[in-house]
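Below is one structure; the comments refer to it alone.
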Amino acid sequence: MTSHELRERFETALMPTYGTPPIALSHGEGRRVWDADGRGYLDLLAGIAVSTLGHGHPALVRAVSEQAATLAHTSNLYVHEPGVRLAERLTSLVRAGATGPTGDIRVFFANSGSEANEAALKLVKRAAGPGRTTIVSTDDGFHGRTSGALALTGKPAIRDPFGPFGLDVRFVAHGDTAALRDAVDDTCAAVFVEPVQGEAGIRPAAPGYLAEVREICDNTGAAFVLDEIQSGVGRTGHWFAHQAEGILPDVLTLAKGLGGGLPLGACLGLGPYASAFAKGDHGSTFGGNPVSCAASLAVLDTIEVEGLLDAAAELGDLLAGEIAAVGHPLVTEVRGAGLWRGVQLSSPAAAAVQSSAAEHGFLVNAVAPDVVRLAPPLTITREEVREFTGALPRILDRAAGEERPA
Ligand SMILES: *Cc1c(COP(=O)(O)O)cnc(C)c1O
């Protein structure tokens, strides 16, 4: 079936919430994917920071195939080994990166980022004392599309048509510690923040911001919920972005890269939040499915065995450095850390850059009108980085040309 045919059928069979994506993908290998017409692309997006090991990595294929053949599903009525091992593994990664004692850490598994945040929302409500009903979140932040997660999302255009949500949320600017100090008081159950705002265009706060959030939460008794759904699992060159800041949240949410392409979300509670849920408080039929957990264990093992944290740091710097070295007038800044970068443009040409990149055989994402997001598989090589940056002058020239008024 051709791309054209697939796109036409998509248009009538699927709800129009994504528009009709321009490319129909058919298969992938390593960092390359091919469309339904046989055109190859170097994947610099990894399905929005999800395909941590790229496509068809033997360790992931083996883990998923073996687990699917052994036991694909149990429901939450039964214990299974991949889930127990993964929970232990995640808690030990958080512990290993902590500068001090962490206390108890426990995991709730979900299927997606939104659901990990829904779990976090219920968890902090459960843990909060009476009268603590307000949640503080950030302008332009993104926490998901389900109603609770959407209520916390600081993008009125995607949020407001679906409210009211029955949740009292105060929004403050990300990185503005004075505004946060004003907003958080003893009526607040929690503060939800991303270490770097991903969907807003890979926008980091000033260094020290997370430490200030930690302090404000400590002083007021609000829970610090850190949404590392996009930043976690090696993306920034650390297991989790907060480990570079020397702080620990009370609740940590993960998803995207965690399953390496299999649907998996996790909500980790630390200290008193580890055991704030009582029996019956929350649940999911599919959450922590054995196949997704086996996939995630393969992702974590491979990150370790192949040294992908160091690689992400090193190749991310190479990528950012080479983009800056192109010196194209359309590019004003390259932000972010590791293999998670926002390329700031001087004009709203991100869509033009995305389509020009695709024409040249590269997948990138126009995350904002004037920002291009790069989040390649952590397995990307030096040669592949240079393949992209070598083509970048032509990609940007073409995009700038398209953008110029006729
Ligand atoms: C993607 C994302 C979510 C939502 O995850 P879904 O799996 O799409 O529900 C939540 N928070 C952040 C920071 C994200 O990047």
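Positions of Cβ are set from backbone N, Cα and C atoms, glycine also.
The annotation pyridoxal 5'-phosphate binding site is assigned in TrEMBL to Phe142, Asp227, Glu228, Ile229, Gln230, Thr285. Around the Cβ of Asp227 (pyridoxal 5'-phosphate binding site), the number of neighbouring Cβ atoms within 10 Å comes to 31.
For Arg145, Ser284, the entry in TrEMBL reads N(2)-acetyl-L-ornithine binding site. Counting only same-chain residues at least 6 apart in sequence, those with a Cβ under 8 Å from the Cβ of Ser284 (N(2)-acetyl-L-ornithine binding site) are Asn76, Phe109, Ala110, Asn111, Glu115.
Taken from TrEMBL, the feature N6-(pyridoxal phosphate)lysine applies to Lys256. In the three-state DSSP assignment, the secondary structure recorded for Lys256 (N6-(pyridoxal phosphate)lysine) is helix. Under 8 Å, Cβ to Cβ, and six or more positions away along its own chain, Lys256 (N6-(pyridoxal phosphate)lysine) finds Ile48, Ala49, Val50, Gly113, Ile229, Gln230, Gly232, Val233.
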Long-range Cβ environment of Thr285 (pyridoxal 5'-phosphate binding site), under 8 Å and at least 6 residues apart: Ser75, Asn76
Intrachain C-beta neighbours of Phe142 (pyridoxal 5'-phosphate binding site), sequence separation six or more, cut-off 8 angstroms: Thr153, Gly154, Lys155, Glu194, Gln197, Gly198, Glu199, Ala200
Where the C-beta lies under 6 angstroms from ligand 1, the matching binding-site residues among Phe142, Asp227, Ile229, Gln230, Ser284, Thr285: Phe142, Asp227, Ile229, Gln230
Residue among binding-site residues Arg145, Glu228, Ile229, Gln230 with least C-beta crowding, 10 angstrom cut-off: Arg145
